[in-house]
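*Asks:* Here you go, one structure.
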Amino acid sequence: MAIDENKQKALAAALGQIEKQFGKGSIMRLGEDRSMDVETISTGSLSLDIALGAGGLPMGRVVEIYGPESSGKTTLTLQVIASAQREGKTCAFIDAEHALDPVYARKLGVDIDNLLCSQPDTGEQALEICDALARSGAVDVIVVDSVAALTPKAEIEGEIGDSHMGLAARMMSQAMRKLAGNLKQSNTLLIFINQIRMKIGVMFGNPETTTGGNALKFYASVRLDIRRIGAVKDGDNVIGSETRVKVVKNKIAAPFKQAEFQILYGEGINFFGELVDLGVKEKLIEKAGAWYSYNGEKIGQGKANAISWLKENPAAAKEIEKKVRELLLNNEDSKPDFVVDAADAEETNPDF
């Protein structure tokens with residue numbers, strides 16, 4: 001429907017005034033002069049990239065990864081950093097827990113010589129560093145480990161036993177309002193690792209909650225719930241963890257998908273194991289008995305030998321990965337893999 005000529009003139013004058021006052025690009029029509037596709041970074045897990053629907057975690061957004069202790073939260077973020085560095089991106093790690101192991105990070109493929117690292121004294125300092133890095137436009141990925149360790153300055157300077165009700169939640173709420181715009185403008189991905197706490201007196205429903213108030217839940221474009229669901233064994237020796245990640249919130253694709261993969265101790269996510277499983281599932285890799293074949297050529301007897309072949313033939317592995325992504329990404333299947341928990345779906349005040 002055509003807009004009245006006088007209204008068009010008034011709109012053009014208003015747009016011109018806004019651009020003159022706030023700069024070019026401060027207002028635009030949604031479909032013009034911008035890519036509608038969200039740029040993403042791989043998580044290091046093929047099945048999780050597919051569950052996210054866009055091929056990875058979105059740039060310019062806030063992501064929250066939470067779960068119990070030793071569930072693989074830090075490992076997953078280090079794999080994201082390794083993926084970003086392989087693409088030539090600059091990454092920073094805000095180590096509020098003072099627990100980052102550089103030897104382990106290097107084993108996961110992180111270039112620790114080019115990884116920016118900060119161990120802030122207070123929560124305010126950590127969030128100000130995040131904001132400064134985002135505003136610089138020179139850092140592509142920032143990881144904060146963890147929200148629970150972002151202690152307000154007043155709490156650190158006070159006595160043990162003093163009451164500091166709502167301080168951390170207020171600090172996070174203020175920081176998220178400030179960070180959201182800067183992250184979008186600089187196209188910086190900000191990942192918060194978070195811990196789980198139990199609500200007291202919950203008789204029905206899930207008593208679990210995350211720390212730092214509700215602001216992060218609102219501002220996060222993606223929320224991932226990561227859990228250890230079993231052990232990976234070689235004989236009697238435990239060599240890794242079976243891990244399940246649920247996409248609890250997703251603003252870039254259909255939510256409520258889940259992915260399962262292995263995290264091997266000292267190696268990280270078992271990417272090639274996922275590649276074999278998904279390749280067989282999508283009939284890209286043929287499996288007859290214990291033998292695996294690709295393009296009519298036998299690649300190994302048993303899954304371990306098939307994985308070894310893929311590691312030795314990166315071109316074939318890349319080809320299979322590309323085909324799997326083309327088959328499974330951006331399909332129209334929006335059917336959820338799990339039922340969302342009422343605690344995750346409820347709307348509450350974002351300031352606390």
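The backbone N, Cα and C atoms fix where each Cβ goes, and this holds for glycine too.
Not measured: the values here are computed from a predicted model.
According to Swiss-Prot, the ATP binding site annotation covers GLY67, PRO68, GLU69, SER70, SER71, GLY72, LYS73, THR74, on the basis of sequence analysis.
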*Asks:* Counting other Cβ atoms within 10 Å of each Cβ, which of the binding-site residues SER70, SER71, THR74 scores lowest?
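*Replies:* Minimum Cβ neighbour count within 10 Å, taken over the binding-site residues SER70, SER71, THR74, occurs at SER70.
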*Asks:* Using an 8 Å cut-off from the Cβ centroid of GLY67, PRO68, GLU69, SER70, SER71, GLY72, LYS73, THR74, can you name the remaining same-chain residues around the ATP site, in sequence order?
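*Replies:* Leaving out the recorded residues gives ILE226, ARG228.
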*Asks:* Would you mind pulling the DSSP three-state label for GLY72 (ATP binding site)?
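*Replies:* It is coil.
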*Asks:* Out of these binding-site residues, GLY67, PRO68, GLU69, GLY72, which one has the fewest other C-beta atoms within 10 Å of its own C-beta?
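*Replies:* Comparing Cβ neighbour counts within 10 Å for the binding-site residues GLY67, PRO68, GLU69, GLY72 gives GLU69.
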*Asks:* In sequence order, what residues of the same chain, 6+ apart, have a Cβ less than 8 Å from the Cβ of LYS73 (ATP binding site)?
*Replies:* ILE65, TYR66, GLY67, ASP145, SER146, ILE193, ILE226
